[in-house]
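A.B. asks: I'd like to ask you about the structure that follows.
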Amino acid sequence: MTDTNELFEDQTTALQNSAPIAPLANPQHTVSRGKFRSLTLINWNGFFARTFDLDELVTTLSGGNGAGKSTTMAGFVTALIPDLTLLNFRNTTEAGSTSSSRDKGLYGKLKAGVCYAVLESLNSRGQRVITGVRLQQVAGRDKKVDIRSFSLQNVPMSDSIISILTEQVGEKARVLPLADLKDKFDGSEVLFKQYHSITDYHSFMFDLGVIPKRLRSSADRSKFYKLIEASLYGGISSVITKSLRDYLLPENTGVRQAFQDMESALRENRMTLEAIKVTQSDRDMFKRLITESTNYVSADYMRNANERRGNVQIALEQRRAWYESKSKLELEQQRLIEFSREVADISENESSLEAEYNSANDHLNLVMNALRHQEKIERYQNEVAELNEKLEEQQIALEEVSEQVETAQARADDADDQVEELRSQMADYQQALDAQQTRALQYQQAIAALEKAKQLCGLPHLDLHNVEDYHAEFAAQADDLTDQVFELEQRLSVSDMAKTQFEKAYELVCKISGEIDRSEAWNEARSLLTAFTDQKMQATQAVALRQKLADLEQRLHQQQNAERLLAEFNQKAQTQFETAEELEGYFEQQQARLEDVEAELAEFVEVRSTQRQQREQLNQQYNQLAKTAPAWHTAQSALARLEEQCGEKFEASQSVMQFMQNMLTKEREATLARDELARREAALDAQITRLSQPDGSDDVRLNQLAERFGGVLLSELYDDVSIDDAPYFSALYGEARHAIVVRDLESVKAQLEKLDDCPTDLYLIEGDPSAFDDAVFTAEELAEGVVVKVSDRQWRYSKFPEVPLFGRAAREKHLETLKAERDEVSEQHAERAFDVQKCQRLHQHLSQFVGTHLSLAFQPNPEEQMQEIAAERTEIERELNQAAGNEQQLRSQLDSAKAKLQMLNKILPLVSLLEDETLADRAEECRAQLDEAEEDEQFVRQFGNYLTQLEPIAASLKSDPAKFEQLEQDYRQAKAEQKQVQQKVFALSDVIQRRVHFSYEEAIGSEGSALTEQLRTRLENAQREREQARDQLRQAQAQFTQYNQVLTGLRSSCDAKTQMLQELIREIDDLGVRGDIGAEERARSRRDELQQRLSQQRSRKGYLDKQLGTIEAEIDNLTRTLRKAERDYHTQRELVVQAKVSWCLVLKLSRNSDVEKRLNRRELAYQSAEELRSISDKALGALRTAVADNEYLRDSLRASEDSRKPENKVAFFIAVYQHLRERIRQDIIKTDDPIDAIEQMEIELSRLTNELTSREKKLAISAESVANILRKTIQREQNRILQLNQGLQNIAFGQVKGVRLVVNIRDTHAILLNALSNGREEHKDLFDSQKLSFSEALAMLYKRVNPHIEMGQRTPQTIGEELLDYRNYLDLEVETFRGADGWMRAESSALSTGEAIGTGMSILLMVVQSWEEESRRMRAKDILPSRLLFLDEAARLDATSINTLFELCERLDMQLLIAAPENISPERGTTYKLVRKITNNQEYVHVVGLKGFGQQ
């Protein structure tokens, strides 16, 4: 046994003799421990719905065999650990069996249907927690049970568990399935949760303080179940005692994990260094294989792409030629049909045109004959007209002379009457000589006149009053008679001449109308003369009517011509125009169309010339760009790689230069950040190293001094305080927190003078390290710190530190934070170091790019420009081809439009005639009017001269000269009546004139004399005028005779001319044609027009016949060309389709494998096929050598040499790519692209080599530090076990008076610790070896210092990992103090059954308490977990032992559930009497609960 074990024994002896250790800290607030309140069983065997209220200390189930005690405990255990892999409820019938029943003892305890086992607990927070399981038998031979765990929270205290899990159905109750239970609480405050894993269920129970330890794995659950099982069946469990270390000693996962992390980091570091060396050797191979395979495949790839593009272009050209031939053939066939149709139409129209031409020629001859007759007629008509004019002039002159004769005769008669009247007046006025005589005479004459008037008028009552009325009456009669007499005088005055005129007029009338009665001559003459006026008017209109008829006939002919032209136009234009508006609109449209077509045609010609120039320019630009494109693509590839490396999109050369400058700045900043992070990482490593020490001290001299003084660091004594208490104790001791606790200060004082190396301030505290308390200070805790009363006059206030030194939990918590921060800083440092390397590499690439490709990289894409140029060129070619077709089409449209306009120009002037539907009627009407007018004209020509002669003498026909005597008698009678009436008028007027004479009788005599003289003068004048009138009458009569003779000569000449004219008119009437102005021109124009049309038709027919022959020959040629073009196109298309299938496979392979951008090297597209084959062949030779050692790549390369399957080359490239990708070390290079991997290798290799070398030095584990950590951990756990022993001091069962745990360090491991601490130089070969890990070195050292131990088949690594666990250094045993034997190892064979049960229960209580302490850091501060153990068959304990258990439960605040026979009735706790009964064939357990009667 080592010194350490002896020290432990001494400490144990001292502990037994010392008082109990005071608590480490007095908590300010007491937290109550959680308790199990009840157990509810639903539908179990004997328990349909039973709730057992659990006592706060001991609950006893009392009953006979088969009463249901084990069933109740099984329900509790099942609800606590619902793991079917662990549950195994044994009974006494299986005492000697090696295996239990299939159902693990659970199937038979359940009834059919839904069953529940539910635990109700009340935790430290006062929360009601309901946890349980739903069980259900599964039908089958295996007797399986289905278990579902669940929990309920926020259930009111008033709700019982049974009411929750069942519902009342009439007088019976129904157990709710789990789904209905869930639905029952949906939408309510009650939280129902079903668990699909046991780990989640136990995590919930741990968080709420139902179980003492977090059960993270099945191993933890197994330990917990074994603990329960050992408690249930009692005794000292060998399973637990043999593995007591696993139950009592917590696993120091932090330390072991730290060792493992360091070791794995070192291992990974060394592996990475090896991988770097391998990668360095792979880099050249990567470059060579990638370069050659890329050249080999991409050259063939681009050659196939070029050939495919060329084949497609050839196919397109052949298809275009095929379509052009097809369209030409269709066009020629259409022309053949149109020309054939036109020839047929011309043949049909030719015969009708010939007939029309002959008819027009005959009509022209008739018109010319008619015109010759018309000229003669016009000449005779002119002569007759001149003679008629002369006759009319002579007749007018004769009439004027006749009028002069009549006027002269009337003047002579008037002159005679005036002379006679003046003579009678003068005779009357000679009778008055003087005035009186005259007055008297006048008076007498007035009276006489009045009497005379009375006598003449027969008016005896005549007087001065009514004389005027009678005068007016007789004056009117005198006027009528005067007119009558004047007429008769006129008739009588011309009676001699009238007789001659009558005879002549009668003769003329008889010539015109034939023989008629003389008495009817006047009426006939008057009617002839009346009609003659209209006839002359009609005769004058004959010329106009003839012109009008000619115009109408011309217009009618034009209308017929227009209808014919319109029909031809509609036929040619495929229209149905009828109205003028439609034709005019179409004319304007066609005229506009003609202008547009002409403008468009001119524009086409100009544009075509411009396009040809553009095509030449584009060809020059294309050739220039084609020369530049390969270099541009190379620059673009470099730019793409540069942008991919930089992660930046460069838009211009300035951006590249700016990025270079930014990269330099970024490199400087990254270097500074890297150095700063390196310093931070070193500081964190130092801090982590310090906190990783067991005592948390940053001064190693304190540990040495503590060992020298035989004391313990104060921080080690408080290493087990909780996270919450650690700040308090750190503040409580202040600067003395680094003190050393020694047993005797006086013994240490002597050694202080001998110290040569110690801290500036060294604090020493006297006390027992194994029983130390904090009674040194008087302290008061505040909100943010602690006030410590050092003395009456000195207080110290210390704030709670953020990182307390005390408490392993607090240090580990902060250590986790520091490690996370260290890892983060380390990662940042690696990132910054990588950034520095990357910046340097990028700057190098940027410099190369600027020097080589900058001038071209940012130029516009020549391929895009070439595509644009090619598109423009293609577009220009297409436009030129289309322009040629369009030009031909436009010229055709132009000719068509011109022809249409030419026809429309002929039609439009006649368009008004088309709508004149009355033209034919008006022509007929005009022809009828012309016939009438010509008849009148003929009548005027024949009888106009007679009527002209008749007109002036027609009045002579009124009186026949044979009645002259009667006329003369009538004249005399009228004269006598006139004279008589004049006498009466004269007598009355004389009375009226003499009215004044009745009033006076005298007058002045001088007046009469003057009147006489006046009358004499007037008489002389009248006589002179009479002589003059007689002379004028004689002259007029002589002139009348002369004019009459001239008129007779002219009339005879006119009659001869008129007779000749009538003969000519009859001849022209026989011809049936009217010759007028323009008739010959119209007839000749009509004939010439028909002749021209006939000539044009014949010429057109001859041209069409020639064209038909040419077109038929052209159709034959085009048919042969079309067949050949179709065959060539289909052949080429099959070639394209075959190439497309292969090309699609190539594209599919390249795109699916993401290698298309590697193969599609556009700079190779401008090289010829021979050049590309040369590149591919050179690369093939290099690849054959490169892949000679790789069978897979060699076979793939051999398959790729088949030129008929280009996809095999892509498959080879993919194989190479995949092969290289698999060779990439992902732990070094973060990419799967071999191209990028090469680039990243350049960046990573140098950085990783330096960094990993320095990292390996940092990660090196010190053997001395490992030994120190293990010693401190072992010492801490020994102290903890000593504290646990205090709880077992007063335990007594039978002869056993005490129980304790003994911890010893194994000798072999103690030797190992000494070797680690002291043999640094001796065992340097193991720990400095690069080939051995620290675990392996530790295992080799263990073997070296313990050569007698056999390692077996285990590896050094496994042994080394076990040696890093402090639990393997300790032996833990249970000892009992029994009678005279003293302390001895606890074994069942040396103890009675009751003593073994009590001892085992004590051990289990220690385990539970240890678990609580272990899990205290992971549990909430306000939670103390429930403590409950089981004990079946408690009858083997006597009353004293039972009371001891009760006392132990009370002291440890633990609940106990025991099963006892009926004769056991504890005085304390709660007892349930269970009796199984059968009623009405139904078995059930009758339960009666009793409170302990001894309880106060």
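In case you wondered, yes, glycine gets a Cβ from its N, Cα and C as well.
In case it helps, Swiss-Prot gives these features for our protein:
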| type | residues | note |
| --- | --- | --- |
| BINDING | GLY63, GLY64, ASN65, GLY66, ALA67, GLY68, LYS69, SER70 | ATP binding site |
| COILED | 328-493 | coiled coil |
| COILED | 536-632 | coiled coil |
| REGION | 694-811 | region 'Flexible hinge' |
| COILED | 808-832 | coiled coil |
| COILED | 861-1171 | coiled coil |
| COMPBIAS | 1082-1091 | compositional bias 'Basic and acidic residues' |
| REGION | 1082-1101 | region 'Disordered' |
| COILED | 1235-1291 | coiled coil |
A.B. asks: Among the binding-site residues GLY63, GLY64, GLY66, GLY68, point out the residue whose Cβ has the most other Cβ atoms within 10 Å, with all shown protein chains included in the count.
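C.D. replies: In terms of Cβ crowding, the pick is GLY68.
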A.B. asks: Let's check the environment of LYS69 (ATP binding site): how many other CB atoms sit within 10 Å of its CB?
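C.D. replies: Looking across every protein chain shown, the total is 24.
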A.B. asks: Of all the binding-site residues given, ASN65, ALA67, SER70, which residue's CB has the most CB neighbours within 10 A?
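C.D. replies: That would be ALA67, with the highest Cβ count within 10 Å.
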A.B. asks: Taking helix as H, G and I and strand as E and B in DSSP, count the residues of the compositional bias 'Basic and acidic residues' (1082-1091) in helix, strand and coil.
C.D. replies: 10 helix, 0 strand, 0 coil
A.B. asks: Where does SER70 (ATP binding site) sit in DSSP terms: helix, strand, or coil?
C.D. replies: helix
A.B. asks: Tell me whether GLY64 (ATP binding site) sits in a helix, a strand or coil according to DSSP.
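C.D. replies: Once the DSSP labels are grouped into three classes, GLY64 (ATP binding site) ends up as coil.
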A.B. asks: On the 0 to 100 pLDDT scale, where does the coiled coil (861-1171) sit on average?
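C.D. replies: Across the coiled coil (861-1171), the average pLDDT comes out at 77.
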A.B. asks: If you take the centroid of the Cβ atoms of GLY63, GLY64, ASN65, GLY66, ALA67, GLY68, LYS69, SER70, the listed ATP site, which other residues of that chain have their Cβ within 8 Å of it?
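C.D. replies: Result: THR71, ALA1459, LEU1474, ARG1476.
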